[in-house]
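Data block below; observations after.
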Amino acid sequence: MASSIVTSSLKPLAMADSSSSTIFSHPSISSTISSSRIRSSSVSLLTGRINLPLSFSRVSLSLKTKTHLKKSPFVSFVAQTSDWAEEGGEGSVAVEETENSLESQDVSEGDESEGDASEGDVSEGDESEGDVSEGAVSERAEFPEPSEEAKLFVGNLAYDVNSQALAMLFEQAGTVEIAEVIYNRETDQSRGFGFVTMSSVDEAETAVEKFNRYDLNGRLLTVNKAAPRGSRPERAPRVYEPAFRVYVGNLPWDVDNGRLEQLFSEHGKVVEARVVYDRETGRSRGFGFVTMSDVDELNEAISALDGQNLEGRAIRVNVAEERPPRRGY
């Protein structure tokens, strides 16, 4: 009796179409189906599948078979979402391209602005440099450098003559542009020569005529044209005139430069008096040299002092021989 009731109640289910709504005649089945629909509403929306209780396994089989034969809405849903993803991807690419284009516009505008600024800076800098160079040229035109031909060599300077004293001396011949005494770097002492640059060649020639063989502090100056720049400078010649220089021999050991100068100053003006000393012991070698101012005084000193007794020794006085120049190897 029970099996006939179940069979008769399941016939409408087997004949029903899954696409149309199904009317169940048995109240327990309909209530069970409705409760299962409420519990699995999210699943039925995706798959369209109706889950029945396990007690009715045959009905569940028939329903599963029919739902698989139908076209699953889940596939279409996935396809639609794939299309949306592609559309979204295209849209994102378009957005990125738009952003890139905007950024490129910003960069190009920035480059143009920077380029304009740099061009402005360069042009302003060039103009300012141009002004400075023009000013420098104008200053050079107002203050030209003195001519090399107006530069003079001054030799045989006394060691106490400085650059200021040299300039004051040569101002008697004209305008002095530069006056310089050369000093030893190690000892900071004068080397006995210097250079003077006059304002013109004519004034330089006047200075040569006026101060060559000029007596400055007891020494005769040597003044001539200086060697041009770039050429090898000639060594300053020593001014020891044989006619004015005498040799003094057999001197007592305690006679120094001052005593020798005092002895010869009684017969004229003494330019230089020097006793020769031994470099190792520092003792006098018993001879020296005296330079007189002219030939008359020289001859008078020789006549008066040669053979004279000086502190118990007869000194010898005669004209000094000029030493040959040393050759460098």
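Glycine is treated like the rest: Cβ placed from N, Cα and C.
As given in Swiss-Prot:
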REGION    87-145  region 'Disordered'
COMPBIAS  96-132  compositional bias 'Acidic residues'
REGION    108-137  region '6 X 5 AA approximate tandem repeats of S-E-G-D-X'
REPEAT    108-112  repeat '1'
REPEAT    118-122  repeat '3'
REPEAT    128-132  repeat '5'
DOMAIN    244-322  domain 'RRM 2'
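Residue counts for the domain 'RRM 2' (244-322) under DSSP (helix as H, G, I; strand as E, B; rest coil) come to 22 helix, 30 strand, 27 coil. Taken together, the residues of the domain 'RRM 2' (244-322) have an average pLDDT of 89.
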